[in-house]
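Quick look at what TrEMBL annotates:
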{"type": "TRANSMEM", "residues": "A:12-30", "note": "transmembrane segment"}
{"type": "TRANSMEM", "residues": "A:66-85", "note": "transmembrane segment"}
{"type": "TRANSMEM", "residues": "A:97-118", "note": "transmembrane segment"}
{"type": "TRANSMEM", "residues": "A:168-187", "note": "transmembrane segment"}
{"type": "TRANSMEM", "residues": "A:217-234", "note": "transmembrane segment"}
{"type": "TRANSMEM", "residues": "A:254-279", "note": "transmembrane segment"}
{"type": "TRANSMEM", "residues": "A:291-310", "note": "transmembrane segment"}
Amino acid sequence: MKNSHKKAAASYAVNLVLVLLLFAALYFLVSSGTVNRYYADLISLVCINVTLAVSLNLVTGVLGQLVLGHAGFMLVGAYACALFTKSSALPISVSFPIGLVLAGLMSAVFGVVIGVPALRLRGDYLAIITLGFGEIIRVVANNLKITGGAMGLSGIQAIANRKNPAGMLPYAFFIAAAAIFISFAFARSRHGRAVIAIREDEIAAEASGINTTYYKLLAFVLAAFIAGVAGGLYAHHLGVIDPAKYDFNRSVEILIMVVLGGMGSITGSVISASVLTVLPEALRSFSNYRMLAYSIVLICVMLFRPTGLLGKYEFSLSGTVARFTGKKKPAAAGGVKGGGAQ
Amino acid sequence: MSKAVLKADHLGITFGGLKAVTDFNAEIGEHELVGLIGPNGAGKTTIFNLLTGVYQPTEGSVYLDGKSMAGKKPHQMVKAGIARTFQNIRLFKDMTVIENVKVAFNQHMKYSVFGGMLRLPSFWKEEDGIDGKARELLRVFNMEDLAQNTAKNLPYGQQRKLEIARALATGAKVLLLDEPAAGMNPTETMELMNAIATIRERFGISIILIEHDMSLVMKICERIIVIDYGQIIATGTPAEVANNPKVIGAYLGE
């Protein structure tokens, strides 16, 4: 068994190096001004959306429950982070990371408060109740003084500016990378196994000694935490918080990313979140037709790949390498995805 | 009979006005294999649901090792030592065979959520240990080679066995098998009977078995409880029960 540890450690190391290389490349492109502010913002936005999709995938894909209020958690995180950085006297480079942690924690608290009653239900009923909670959060934010009411919050210090166009990139990129690693590692731990067992058959999971209430809440709160952090990032990405932007449509947008990529596949969530963020921008030249094209893409994918682009498949570097070098049969490579790295 | 491991004391449940089970008394001894039989709709599965905490009894209670199990939820019952299988197989279909077993080991594992997410040493140590244990358990059922197969792709008989393996992995003292031989051909039934005998030897557990295959019940059970309309109508050795006029009446009609 020691051998498997070495392999796992090696594959984590290789993936870490690749992630760092990717970051270095992006950072160079942005900070040197090779790509303009528009693209720099787009890269950060892709990272934020990847984080959101990966977090929702924990609930929708791994736990197998439909949640329609994910934007609500984002909103909680956005306010928590922005209110902290606005009121704090610390320099932004210190207050922003603290704000992000606060955003996650605050959102996790809301996750517990909402999850305890909501997770007694499942399927359609859970979808409706989370939709309700998502809307409640937004409406409350619309009417409170501290949240700035319907005007929202403005004057949030931007992390990326003219002097430092790559300011946002390290935060957005490494948080996305961390979200991917954490949800990957979670799904392949005993806790993730318990959560997947609940997805497969709740009654059998309970009969196998799984405390279903606890594990459902665990997945839900973890997803809320990550979504809250992403919300904090988003607030500082835009520089303003407009509660109307975190409505039902935003929740659906995140859900589409997860479903399109393949429920339960982290790789799928990453790819489809990236594509669905870039696609509407790339189609801007078609102005009026772009949402039409976007919708057609969605319909086609659902018609021809109802399980999503990747189904439950996970990309694994070690598995792919093994397949090409012919060390393992393709059937065995499927098993590698369990122990391999994403 | 040795000391009772599981005891049902005047157990009963009412659904609205319907008395599904009334005054069910039974003691299951250590290492004993008891059959629970009765015509369709007699309340056998309801009794299993009462014993595993799926239903809370409206009267009486269940004792495990002399401790009352009142108010315990199914997963707490499992932790206490009562595990079960289902009449219609309930596996984690899209998980591999070995993962199905590992799920049931979960309650004996300790590493924290952060230990798992950050891949701390405790994660590797425990996961290795559990991997070995799960394989060992599969070996008992001659299923070690199938460890990496997806559960839903197994043949029917193997799925039944996997469900039993999963129940055993919980570390139960009492195993409740709900029609384990249902839908099996004679060869598979034979194999299952051998498997049940083996696990009883190796794990030293008590087994209660609901079964319609009378040849199986008569062959392996030491004691049989017959119920009809939610009440015990006879108990005794297979031979005693088979010649009991009440039992014959219940099965064939007067």
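Heads up, the Cβ atoms here are built off N, Cα and C, so glycines get one too.
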With Cβ distances under 8 Å as the criterion, find the stretch in A:12-30, A:66-85, A:168-187, A:254-279, A:291-310 that has the most pairs with the transmembrane segment (A:217-234). A:66-85
Is the number of Cβ-Cβ pairs under 8 Å between the transmembrane segment (A:12-30) and the transmembrane segment (A:291-310) three or more, considering only pairs separated by 6 or more positions? no
Using a Cβ cut-off under 8 Å, which residues of the same chain at least 6 positions beyond either end of the transmembrane segment (A:291-310) come close to it? 256, 259-263, 265, 267-268, 271-272, 276, 279-280, 283
